[in-house]
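Chemist: Pulled from TrEMBL, these are the listed features:
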type: BINDING; residues: C47, H51; note: Cu cation binding site
type: BINDING; residues: N452, A453, V454, K455, D499, K515, T530, L534; note: ADP binding site
type: CROSSLNK; residues: K701; note: ubiquitin cross-link
type: DOMAIN; residues: 332-569; note: domain 'Histidine kinase'
type: DOMAIN; residues: 597-716; note: domain 'Response regulatory'
type: MOD_RES; residues: D648; note: 4-aspartylphosphate
type: TRANSMEM; residues: 40-58; note: transmembrane segment
type: TRANSMEM; residues: 70-91; note: transmembrane segment
Amino acid sequence: MFDVLTYLYISAVQSLKSAVCCTLEPCGGIVILVRRYGCFGAFIVLCGATHLISLWTFTTHSKTVASVMTVAKVLTAVVSCATALMLVHIIPDLLSVKTREMFLKNKAAELDREMGLIRTQEETGRHVRMLTHEIRSTLDRHTILNTTLVELRKTLALEECTLWMPTRNGLELQLSHTLRQPSPVPITVPIHHPTIKQVFSCNRAVVISPNSPVAVTRPRAGKYMIGDVVAVRVPLLHLTNFHIGDWPESTKRPYALMVLMLPSDSARRWHVHELELVEVVADQVAVALSHASILEESMRARDLLMEQNVALDLARREAETAIRARNDFLAVMNHEMRTPMHAIIALSSLLQETEMTPEQRSMVETVLKSSNLLATLINDVLDLSRLEDGSLELDMRTFNLPAVFREVMNLVKPIASVKKLSVSLSLHPELPEYAFGDDKRLMQTALNVVGNAVKFTKEGSVTVNVCLERPEYLRDPRYPDFQPAHGENHCYIRVQVRDTGLGLNPQDIPKLFNKFVQADSTTTRNYGGTGLGLAICKRFVNLMEGHIWIESEGLGKGSTVIFIVKLALPEHVNDTDRQITPAAQPSHLRTDFSGVKVLVTDDNGVNRMVTRGLLIRLGCDVTVVSSGRECLQTISQPGQSFKVLLLDVCMPDMDGYEVAVRIQEKFARHERPLLVALTANTDRATRERCMNLGMDGVVLKPISLEKMRVVLTELLERGSLVDNVRRS
């Protein structure tokens with residue numbers, strides 16, 4: 001027994017020694033903590049051994065034993081003191097270990113939750129990818145919605161899934177798609193229902209009451225526990241540029257409603273990851289619907305555009321056909337009308353050269369005047385037609401600007417003198433002498449305006465003022481946007497024609513530039529006319545980048561017509577340009593053309609007879625043929641030396657163009673006759689084609705005796721019709 005106690009004490013003292021040394025050492029960690037626990041154990045062992053010794057000491061022992069017992073008790077007391085001191089360090093360590101243990105447990109639990117969330121997110125992502133792939137596999141709206149409902153049921157094990165679309169007026173939601181019914185009964189719910197307003201106001205999935213009107217579509221027979229219901233909004237495309245027939249027209253962004261129902265009689269509840277899956281799917285459905293809507297509207301727009309293109313192409317072809325038919329009709333009518341007009345004017349001019357009584361001469365002059373008016377009307381109608389279809393172009397050349405207006409005055413003065421009107425022309429000193437533009441159209445415009453002033457003025461005067469346009473001059477107040485842009489290479493000419501005639505009502509002025517319109521129906525009866533003059537003038541002025549308007553203070557107070565046109569300034573003027581005037585007449589007209597051999601080629605017998613009569617009257621030696629082949633045969637005969645060949649370009653079998661080419665191929669320039677086209681076609685293309693083929697001039701039908709004299713004089717003096725050469 002003594003040996004055992006001695007062993008125990010020695011072991012406890014050694015442990016206590018190690019613990020004390022460990023306490024004094026500046027070491028930490030788990031090893032130190034274990035040693036401190038070992039010291040505490042040694043203390044327990046010593047305490048137990050001391051109690052055993054105390055029990056053993058109730059009997060008398062030897063002195064040695066008593067000494068050992070005393071030493072043991074002392075050591076026990078020392079160990080007790082050391083242990084008490086060590087507990088100050090041991091207790092915080094125990095608390096720290098316990099705290100760390102709890103922290104590690106919490107971390108482990110948090111890691112477990114995060115791993116579960118990651119697995120949930122991976123599963124949700126997989127479902128989303130699968131649903132997105134299925135949803136976007138088509139761009140048909142109904143297929144997208146049906147696929148969404150079916151895939152959501154598979155993924156979330158739903159009992160029912162429905163979709164509510166807004167109605168056309170945007171005030172209700174209508175059941176459009178369900179899982180149970182392929183063609184659901186049309187059920188509507190007001191969009192202002194509290195449940196719908198709650199869902200639409202939130203961008204998250206919302207758990208709603210199973211008794212909500214949007215959740216009553218599933219059967220409830222034999223069920224006593226209704227599954228949870230979740231609703232989420234589905235944004236629709238904001239319809240600004242696109243219009244879908246069954247989507248609402250609203251200033252607010254429209255939404256659809258998706259309702260998902262868990263199975264009844266089950267303890268399932270909606271989890272967070274399931275709600276997130278529903279929200280993501282709703283967004284994907286919204287994107288797919290927007291793409292489908294854009295594609296659907298694009299296809300509709302494409303189909304509509306194709307229909308419009310087909311209709312436009314058909315309308316274009318019809319318009320082109322109508323234009324060609326109209327042009328052909330006008331060309332035929334032009335030729336057919338000018339042919340008898342040629343006979344009337346030519347024969348009337350021939351009659352004027354014969355002996356007649358005053359009454360007969362008055363009749364012939366009336367016929368000739370009426371014929372000239374009819375020819376002018378034909379020209380106006382043809383010009384207007386070409387203006388409307390855009391085929392009329394300006395014929396640009398250098399001309400004497402003041403001479404244009406002087407010629408206009410020379411033409412109207414005889415009429416004014418008969419009516420005893422005072423006609424005056426004022427040309428501003430700064431007006432350029434030469435300009436580059438269409439002098440014929442300018443002259444026609446000025447002649448129409450001045451002619452109207454003389455025509456509608458019974459007494460008084462007509463004043464024509466021509467000057468350069470200045471910014472400070474008064475312009476038409478109804479068109480303030482017309483602002484001439486002056487430059488160094490061009491100028492604007494302002495022509496003002498003032499008369500003391502009938503005057504106009506201000507409300508009638510805008511109508512005067514319309515076709516076949518005059519200010520008063522009595523005007524036509526009293527003064528004649530067709531109402532085409534100002535309409536054509538307006539189009540001519542527009543072609544010359546100008547503007548025309550009328551001012552009048554009222555009936556009986558006269559009127560003023562003002563027009564502004566743009567003309568280019570030529571860089572240099574040669575001698576040929578200086579010789580050209582709008583009349584382009586030789587200074588001395590020949591009266592006798594004896595010995596001048598002329599060959600007339602025309603398939604129309606009346607035209608041949610009339611032209612031959614004019615030429616014989618002038619003293620020419622005339623030969624007439626009726627076809628192009630006959631013309632070539634006549635010219636090719638030995639001893640024939642014709643000076644002038646008047647050639648109709650519109651002939652069957654071989655037209656005048658081919659005849660001209662054959663003659664130029666066969667004869668040199670100085671050996672062949674002067675080739676002059678005699679035609680009723682007034683279009684520019686005919687004239688240009690004649691000049692490009694090398695002809696020496698173009699004469700338009702009808703032609704009078706005086707005009708024929710001018711043409712022959714010019715041909716014999718210059719070798720060509722100068723005006724036509726310059727226009728080619």
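Placement of Cβ uses the backbone N, Cα and C atoms for every residue, glycine included.
Predicted automatically and left uncurated, TrEMBL annotations should be read as such.
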Chemist: Sorry to bug you, but what's the C-alpha spacing from L534 (ADP binding site) to the residue listed as '4-aspartylphosphate', rounded to the closest Å?
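Modeler: L534 (ADP binding site) has its Cα 33 Å from the Cα of the residue listed as '4-aspartylphosphate'.
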Chemist: Let me know the most crowded of the binding-site residues, choosing from A453, L534 and counting other Cβ atoms within 10 Å.
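Modeler: Sorting the candidates by Cβ neighbours within 10 Å, the top entry is A453.
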Chemist: Given a separation of at least six residues and a C-beta threshold under 8 Å, show me what packs close to K701 (ubiquitin cross-link) in the same chain.
Modeler: R338, T339, M341, H342, N607, L678, T679, A680
Chemist: Taking helix as H, G and I and strand as E and B in DSSP, count the residues of the domain 'Response regulatory' (597-716) in helix, strand and coil.
Modeler: 54 helix, 24 strand, 42 coil
Chemist: State the count of C-beta atoms found within 10 angstroms of the C-beta of the residue listed as '4-aspartylphosphate', not counting that atom itself.
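Modeler: Result for the residue listed as '4-aspartylphosphate': 25 neighbouring Cβ atoms inside 10 Å.
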